[in-house]
Amino acid sequence: MKFENILEETDGCGWFQILIITLLCVPRVILPFNFLLHNFIAAVPAHHCALDDAGVIRNLTQEQRLTVSVPVEEDGTPSSCKMFLEPQFHLLINPNDSDLVKVPCQNGWVYDNSTFKSTIATEWDLVCNRTAMNKVTATIFFVGVMMGAIAFGTLSDKFGRKPMLLVSYILSIVFGFSCAFSNSYTMFIVMRFLTGFGLTGISIISTVLSVEWVDIKHRALIGISGSLAWSVGNIMLAGIAYQVNDWRLLMIAVSVPLSLAIVTWWWLPESARWLIANGEVEKAHLYLQKCAYFNNKKDFLSKIKPEDLSNVVVVDKSNKTYSYLDLVRTPKMRRLALLTGIVWYGVASTYYGISLNITGFGLSVYLTHFIFSAIEIPAKIIVYFCLDTFGRKLCQASTLLLAGTCIAINMFVPKGQWHLRTIVAVLGKGLSEASFTTVILHTTEIYPTVVRQNGLGYTNFMARLGVSIAPLIILLEEVWKPLPEVIICCVSILSGLVAFLLPETHNVRLPETIEDIEKTRLVDLNNKPGKPSLASPQ
C-alpha cells in the first residue's frame, strides 16, 4: 500500500488539509517582508556633499551655496559624490565648471528625506565609494539564507518538520528584532545573516509539510495556494514600507507578525509521511485519525491500524540516517541534483535580479514594488491551470525562457520610453514568479520522502547562491551599463533549456525512497490508487 492510498481513504484535500494550508499561509505571507526588504531599508535617496558654512558662503542662499560648492552632473543635478575644494564664487556668473578641480566629499553628505526618513545608507553613509557595502548587505542576508537551507534541510529530515519549523520561527523573530537595535554596520549585517538563516527554515519546511499532506491531483492547487500567500505579503510590504519610512521601525514592523506564526504552530500536524518513513507509526496513525475525523471519513478509523502503516513506505529497516551525500551516491539521483541545482540557481537569479532593481522606470519605488508584486497573482493563477494542462517541465522551461526574452527586449528599449520599459519589466517579473512557483512544486515532487527535505535544502542553497550574487552583479553596471541585464538574461535562458532535461512529475506519485528514483517510477492518476501503471523515469 502506498501513502496515496491512505490519503484517498481520508480525503486527500479536505478540511484538514485546508487547515494546514491556512496555518502555513501566515508565515509565508511574512517571508517577503524580509526577503525583499532591502529595496526599502537600503534605499539611497538623492544626496550631495555637505557644505561648509564658514566664512562668506553662509551669507548665500542654499541654491547659491550648492552652485559654488558642488559641481553639476550632465542632467543638471548636483553631483552626489564630488565637490570643489574651495568655493567657486565666479560660478554664480559663469556656470561652466568643466576645468575646475573636483574632490570627493570632505564633510559627509546631505540626504533628501522627503521619501525615506532614514535608511541604512543614510545612517552609515553607504554611498559613493561605499556603495558596495550597501549592496553587500543583501548578499550577506542571502548567504545566511543559503547556510540555513543546508542546516534546516538536514535537521528537518532528521528531527521532523514541525519541531524545526518552530526553531525557524524563534530564530527569525529574535534576530529580526536584533537588526532594528543594531548600533553599527557590522552588528547589522551579522544580525541580518542570522535572520536569513532562520527564515529559510520557514520557506522550505512549510512547502514540504503542505505538499506531503495532500493527494496527487491537488498538489498543484496546494503549491499555488502557498505561493499566493507570498505574493500577498509582497504587496503588503509596499504598503507597510510606505507608511513606515524609518528603517529601524520598519524592521520591527516586519518582525512582529512572526509572533502570530508561533501561535499558529501549535495546531500544525507533523508530516505523516515523515513519521512513517522514520518508523513512528503510532504518531502517524494519530495524525491520520485526526485527518479522517476532520474530513468526515470516520470509517477509516476501523480500517487502518498502526501496525498496517509499517508497510506503507518501504524504507531501510536499519534506521539509516540520510544526508546530502545521498543526493549524489546513485546515478539518477546525481543527475537530478545537478539539473535541479542549475534550474534553481537560474530561477532565483532571474527573480531577484528583477525584484531588487526597481529603479529607472519613472515611478516611485513603492509603486514599482507594488506593481511588480501585483503581477505575481495573475501569473500564478495562469500557471496553476498550465501546470495540469501542459505539465511541470514545459511550464518550468517556458517561463524561464520567456522571462529571459523580456530582459533582452528591455536592453534595447530607450530609457526615455519608461512606459514600455515598465510593461516589459512587469511581464518579465510575472514570468519569473511563475517559474519560481513551478520550481518549488516540481522539485518537491521529484525528490523522494527520505531525502526530500535534503533535496529542498540543497536546491534552496543553489537558489540563494544565485540571489547572493545578484546584488553584486548589479554593481557591474559601473563597468558596462547593460552588463547586469546581459548576465541575468543569459542565466535565465540557460536554466530554461536545462529544465527540459528534468523528469515530468504531473500525475506521478511522490517517490518515497531512493530506490523509487533509481528503479521504475509508478504513475497513477488515471488508474485508481493501488493499480499503478509503469513508466520509465527520465
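Each residue's number is its place along the chain shown, starting with 1.
Cβ coordinates come from backbone N, Cα and C, glycine included.
Feature transmembrane segment, per TrEMBL, maps to range 189-209 of the set 189-209, 273-293, 420-440. Within the listed segments 12-30, 487-505, TrEMBL records transmembrane segment for the stretch 12-30. For the transmembrane segment (247-268), the partner stretch with the most Cβ pairs below 8 Å, chosen from 12-30, 164-183, 189-209, 394-413, is 164-183. Among the listed stretches 12-30, 132-152, 394-413, the one sharing the most Cβ pairs under 8 Å with the transmembrane segment (189-209) is 132-152.
Across 12-30, 164-183, 336-354, 366-387, the stretch most heavily in contact with the transmembrane segment (394-413), judged by Cβ pairs under 8 Å, is 336-354. Taking every listed stretch (132-152, 164-183, 336-354, 366-387) in turn, the largest tally of C-beta pairs under 8 A with the transmembrane segment (221-241) is reached by 366-387.
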